[in-house]
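**Student:** I have a structure I would like to understand better, so I am pasting it below and will then ask my questions one at a time.
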Amino acid sequence: MPGLKRILTVTILALWLPHPGNAQQQCTNGFDLDRQSGQCLDIDECRTIPEACRGDMMCVNQNGGYLCIPRTNPVYRGPYSNPYSTSYSGPYPAAAPPVPASNYPTISRPLVCRFGYQMDEGNQCVDVDECATDSHQCNPTQICINTEGGYTCSCTDGYWLLEGQCLDIDECRYGYCQQLCANVPGSYSCTCNPGFTLNDDGRSCQDVNECETENPCVQTCVNTYGSFICRCDPGYELEEDGIHCSDMDECSFSEFLCQHECVNQPGSYFCSCPPGYVLLDDNRSCQDINECEHRNHTCTSLQTCYNLQGGFKCIDPISCEEPYLLIGENRCMCPAEHTSCRDQPFTILYRDMDVVSGRSVPADIFQMQATTRYPGAYYIFQIKSGNEGREFYMRQTGPISATLVMTRPIKGPRDIQLDLEMITVNTVINFRGSSVIRLRIYVSQYPF
């Protein structure tokens, strides 16, 4: 049978296909060199390789290799003639019998190299670079990588092999970047959010300390993770842009911040007092300066210095009107023997007092009392003059006393003179007389 003879011839030649290097001392894959006989003997892979064929496949040894065929495949068992065997029954040609080494001392003619190799000028089998000779079958999307005796088809970085095609790997799906990821064909790029900078590893992000690099704040910069905040010095407030600071007008917050006047200044404020006052240690309250005590007044030697809240008064000596006579430093008396004194108050006593502007009301401001109580006498207290605005009234607090009450707040500066009359009535001796306290009230300009 010519077909089987050709197969046998190829099988015999396979025993002597030269391996790269020395062809006389090595055998091709699938054969072992018998050191005693110097022959290449076939390896039965079906016995030496565990589970050479799996599943429903069975292993069939052949010269230089083995086959895996389905167990249900029909097996050919026809006649086969072998020049080295008188009888053979099997699905494949039997292995060639050992050939005596003495019959093949050397190989003196060019031989056929294994697949993936070619004979060079020195009759050596060298690797064929299929990638360089463009004799590979890699897909255009793949790259060819030459190997010893063959080649492999692979994909470049950023691609993976799927059904013979190199498809782009979406690295962004796997969290390669710490913050922002942008996929590109065959690769990816990482970026960072505002306030961060990309590290040298190209993946992680580092916070940018804006306060050190650019310091965008007008006053104080505080670095935060991924950003920064601006703070203002005391007395300033942050504007809507979050960067600039503007002066805070503390005086507009409350009218009670200072007792008198609040003066705003950049980043702060201070309280001031009007003339005649000094600022206390609390830096907000004003205290009257007693010009009379400190002799810081302009009164003459004949005048009396009377201190007021925020100022002073120079009071002239009392001058009694006719027919009154001066009987003391501040008292005038009308003589009883004088006929015009019968319908006049017996005495006029001068008194001075001061009140602050806008004092809260009602307020008891002055007390009047009889110095002597006579048997059978009673006393009547009234405001004889000066109360045209009905800002005061007399409230009798006892048989011989009464209190002057301020009923309306009075705004200063203003000077008021009231004649407070005490009428004495004695029914026992049928007597009626009166005395007057001439009260001069000085209302200051300020409510303190």
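Placed from the backbone N, Cα and C atoms, the Cβ positions cover glycine too.
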**Student:** Pick out which of C320, C334, C341 Swiss-Prot lists as the disulfide partner of C332.
**Tutor:** C320
**Student:** The disulfide recorded in Swiss-Prot for C314 goes to which of C299, C334?
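**Tutor:** Checking Swiss-Prot: disulfide partner of C314 resolves to C299.
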**Student:** Look at the disulfide-bonded residues C144, C271, C286, C314 and tell me which residue has the greatest number of other C-beta atoms within 10 angstroms of its C-beta.
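**Tutor:** That would be C286, with the highest Cβ count within 10 Å.
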**Student:** Just checking the disulfide-bonded residues C46, C131, C144, C166, C273: which sit within 10 A of C138 (disulfide bond), CA to CA?
**Tutor:** C131, C144
**Student:** For the domain 'EGF-like 4' (207-246), what does DSSP give as the number of helix, strand and coil residues?
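**Tutor:** Here the numbers are 4 helix, 16 strand, 20 coil.
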**Student:** Round to a whole number and give the Cα-to-Cα distance in Å for the pair C305 (disulfide bond) and C172 (disulfide bond).
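**Tutor:** About 93 Å separates the two Cα atoms.
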**Student:** Filter the disulfide-bonded residues C53, C131, C153, C166, C181, C262 down to the ones within 10 angstroms of C286 (disulfide bond), Cα to Cα, kept in sequence order.
**Tutor:** none
**Student:** Output, ordered by sequence, the same-chain residues six or more apart from C245 (disulfide bond) with a CB under 8 Å from its CB, or 'none'.
**Tutor:** V218, Q219, C230, C232, D233, Y236, E237, L238, E239
